[in-house]
Ligand SMILES: C[S@@+](CC[C@H](N)C(=O)[O-])C[C@H]1O[C@@H](n2cnc3c(N)ncnc32)[C@H](O)[C@@H]1O
C-alpha cells in the first residue's frame, strides 16, 4: 500500500496542484467546495462568518459561490491578504474583542452560515494557539450560537479524539440535523472530519454548560474493561468509539515492543497500532534492551513487529505466543501460571474438604450429557456440511437432486434450501416480486436449514488445541475489527462489498420472531401496482419469453441453438465472473471494455465490427438496444465523485495511471482486442476455490492474489509527460495578470488611435503641428512609468516580528533583518569566490 507522505512533497497532491491552477490560496478550498456540493448551504446564504479563515481559501470559495451582494467576514490569528468582496481582520476567536469586532461588521444582521476550519498550532502565531482543537471547536460553536440566524448552518472541522462524541452531543442539542463527513480532498492520513450542523434551533436561552469545555469534556468514569471476557465472548464485545487520542492526529502509531509484553490487552495493541519498535528511547529502556537480546525475539518476530497492519492469522498467533513466552521468562503472570495456581488452590481445598459423593455423581452425569450433546451437534454439523457440498455439486450438474435426498422438485422444491414456498407465508413472495424487501429472520432460516452452525460444536478430538484455535479465531476477529475501525479505507471497501449486490440484502441477522414472519423493509419503491401474477418469483423460468440477459427475441433465438447449449453468452459469463474476480480486475476489465467501446464507436465500419455483427446475427445498433453490448460500468458508491458527463453526453475519462495507459495503447494499436480483455478476466486468480475457507485466510489471500498488470516504458513516459505538462502550466493568477496587461495595452492603443484621428481632422492646425502633436502623444504613451521604489524597513524595535505593513510606511516595502543581511553578504562572498 502506498503511504501518503505527510511532509514535503507528499503534501503536494492533486488537490494542491488543482488549487494552484485555480488560484485558490490553499487546497482546503476543495473541502468546502465538496461539502457545499453535498449540502448546498453557500448558495442559500447572504451573510457568512468564516472563523479561522487564513490564508483565505474558504473565503474565496464563499465569495465565488454566494449571491453577489452577500456579506462575508473572515477572521484569523494570522493576517489574511485582502480578497474582493470579503471583510477580513486579525483576531483570536476565543476573545471578547473578536466577538465585538464581528458584531461591528455584521451590524444588526445574522449569519446564515458560520464556518470553522481552525486548527491550533498550524498558524503562524504559535504562541497564541493555546486552546486544543476540541476547545477551539466549542469556542467557534459559542460564536455561532450568538451570530447564527434560526435555521442557519454551522460547519466545523473536528478531529476524531475522545472529545468527538461530546461535541456531537452538543451539536445535536442545538441543531436539527447533524452529519459528520470526510470530503475526498481531506487526506486519508489526517484524522480530521467535518461536521455539518443544519437547522439552528436558536433557543432563547442556552445552558452555559453546553458551551463550557469543562462540563462538555468532563471525563466520565469508565469501569475497567474486562478484556478477558471480550476475547472469550466475542459476541458481547462493544465497539470502542473513543477515536484518536488527544494531540495525536496521525494514523501511524508505534510503541516500544516491551509495552506489548507488559500490556494486559495485547489485542488492542495489535489491532490499533502500526509498529512495535525495538529502537531504544533517548533515556534508555532496560526491558526493551533485554527483549531485544532474547533468543525468542527472532528475525521473523521482528519482521512481524515492523508492520502490524499486514499480519495474517499465523503471524498474529506467533506474536501472541512470543509474548506469552517472554512474559513467562520475565516472571509476569500468565494464564498457565494462573491455572497452576488455581489447581494448587483446588487441590488444597480438596484435601481439606472431600467432595460430596452425590455431587460428584451429578457432575459426572452432567459431563457425560455435555459430551453427548457435543457429539450430536458435531454429527449434525457434518451432515449439514455434506448436504451443502452436495447442493453445490448439484448446482454444477455433478449430481442429481434425488441422490442427496432432495425430492424431484430440485433445489427449489419443498423443504429445500432455495424453496420459496417456505418464504411465501403471508404473501411475502408477492411483496418481493413487487420490489419490496422481505427479510426472513435468521433464526427461522436456521430452523429451515441448519447450515454451518460454526465451530462451536467442534471441541472434541483435541479439546485443548481446539480451545486454543477458537481463542485465536476470536482474537483474530477482534484484531480485524479494531483494524477496520482505524482504517476508513477498509471500512469503505467492506461497505462497498456489502452493497455491491444491489437489491437483495439477504437474511436479516437480527430478531428472533418465531413464527417465521417476514419484515417489510422501509425502502419500498412504488412499483406496487404491477399485477403480482406477472412478476411472481415462482414463475417457471422455462416459459419465459425473453432471456434473462435482456437479448432481443432474435438474438435469444440465435443463442437457443443447440451449439450454444453448454456455452452460455460470453458477455454473460464475464458479467457473472465479475463477481469472482477481485476488484482491481473488474475495474481493469470494465475500463478496458469502456475504452474498447470508445474505439469501437470510432471504427464502426471496421472489419471486426462487421464480423461481430454477423456473428450475433443482428445489426450493431439493434444489439446495443438489446443490452448485448457491454454497458459502461457505473461506480455505485460514487457519491462524491460522480463524473459529470461531457457536453456530447460521453463520460470525461482521463487516463492517469501507467497501467491504464498501457492498456489504452494496446487497444488503440490493435495489440489487444475485446476478446483478449475477456480472456484476461479468466486468469488463475479468478477461479480459485474459496468455499469453506476462513475469513482471515481470504483476507490475507485477497491482498496478494492479484494479477500484475503490465506497464510499458512508453506508457510510463507518457503519464510522466502528462504530469510535467500539468505542472508546467502557469497558475491562474499569472495567466490573469498577463491577460490584464495585454488588455490594458490594447486599450491604450485604441485611445491613442482615436486621439490621432481627431488631431488629423483638426482644421486650425498645420500639417507640421499635427505631426508634432501626434509624435508627442506617441512618445508619452511609450514612456514607461517610473518603477515604484521599494522601501527597506529594518525589523528592529517595534518592527521586530511584525506581520503586515509597518506603521508610517507607504507604497512598496521590504522588511529586512540581521539574518537576511548576513545571508545576502554570505551569498555575495560565495559568488565572488566562485569567480
Ligand atoms: C487550516 S487553517 C484554515 C484554512 C482556511 N480555512 C482556508 O481555507 O484557507 C487553520 C487556521 O486556524 C487559525 N487559528 C487557530 N487558532 C485560532 C484562534 N484561536 N483564533 C483564530 N484563528 C485561529 C490558524 O491561524 C490557521 O490559520
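Each residue, glycine too, has its Cβ placed from N, Cα and C.
Record note: among 315-339, 340-364, 365-389, 365-389 is the stretch given as region 'Disordered' by TrEMBL. As annotated in TrEMBL, region 'Disordered' covers the listed stretch 763-790 rather than the other ranges in 763-790, 791-818.
Remote same-chain partners of the region 'Disordered' (763-790), defined as residues 6 or more beyond its termini with a Cβ less than 8 Å from a stretch Cβ, comprise 748, 752, 755-756, 811-814.
Residue 157 (active site, proton acceptor) has 117 nearby among the binding-site residues 56, 58, 76, 92, 117, counting only those with a Cα within 10 angstroms of its own Cα. Annotation for residue 58 (S-adenosyl-L-methionine binding site): spatial neighbours 28, 29, 32, 50, 74, 115, 117, criterion Cβ-Cβ under 8 Å with sequence separation of six or more. Residue counts for the region 'Disordered' (763-790) under DSSP (helix as H, G, I; strand as E, B; rest coil) come to 16 helix, 0 strand, 12 coil.
A Cβ distance below 6 Å to any atom of ligand 1 is met, among the recorded positions 92, 117, 157, by 92, 117. Within 10 Å of the C-beta of residue 117 (S-adenosyl-L-methionine binding site) there are 23 other C-beta atoms, taking all protein chains into account. Cβ neighbour count within 10 Å across all protein chains ranks 76 highest among the binding-site residues 76, 92. Spatially close to residue 56 (S-adenosyl-L-methionine binding site) yet at least six residues away along the chain are 25, 26, 74, 80, 81, 83, 86, 88, judged by Cβ distances under 8 angstroms. On the 0 to 100 pLDDT scale, the domain 'DUF3381' (234-393) averages 75 in this prediction.
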